[in-house]
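*Asks:* Got a structure for you, questions after.
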Amino acid sequence: MKKILGILLSTLLTLSLLASCGSKTTSETNTNTNNTSNNTTTTSAKYNDGTYTAYSDATPESKGYAYAEVTIKEDKITEVKLYEVNELGKLKDYANYPMKEAKTANEEMAKRFVEKNSADVDTFTGVTNSSEKYKQAVARALEMASKEKDAKKYLNGTFLASSDQNAKQGYALAYVTIQDDKITKVVLQEVGEDGKIKDYSTYPLKEAKTANEEMAKRFVEKNSADVDTFTGVTNSSEKYKEAVKKALEMATK
């Protein structure tokens, strides 16, 4: 009897040890699996490498817009170049710009984006308007670089573009507002050879004002820059179309 009990106890002890080892192995396997999963999540890249150009919003009241060229390498912002364009579609020349703080802000804000690796940085004291434009442009550049893009073709916002500024008889400006891939509003302007925006309320050619309003409606209705020109005002119509096309290109992700 004692011999039988001894055998039974020995067998139970062996089974207990085996069960303990099996449980430990399973636990270690699960731990290793979890660690591998966590490491994969941690090292997953958020952005595609490259240089991305994006633009801030613009309205006739905003005095132009900013745009940013943002270079990304291994999820780090490595370089940012910032520019501003005035309400006539002309690039600001900071080398000759009368407001010294504007140039300093331009350089300092670029550094802040790189240092923080984000568009969410403090504005530059005294140059708040430009700073906010820079921040929006950089945020949009990061959105364009993101690996997790939505299916939309365009960024939401209002984008300002001009037709060829070297063309005879001036050029056109287009403020194009986009929401959920739809053109919801278009404001059209013309800049004369004197470098000033035409005032259609006093402009002698009545058809020019009518064409300005009608062409804006056509772009919205067709949700495209490819619309018919306005009869009798072909030159301005073509300039409007060119400006709207460029604005859509600026809004493209």
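For all residues, glycine too, the Cβ spot is worked out from N, Cα and C.
Marked as signal peptide by TrEMBL: 1-19. Annotated region 'Disordered' per TrEMBL: 23-46, in sequence order. Taken from TrEMBL, the feature compositional bias 'Low complexity' applies to 25-44. Annotation comment: TrEMBL describes 64-145, 170-251 as domain 'FMN-binding'.
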*Asks:* Summarise the model's confidence over the domain 'FMN-binding' (64-145) as a mean pLDDT value.
*Replies:* 96
*Asks:* Looking only at the domain 'FMN-binding' (170-251), what are its DSSP counts of helix, strand and coil residues?
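*Replies:* Secondary-structure breakdown of the domain 'FMN-binding' (170-251): 35 helix, 20 strand, 27 coil.
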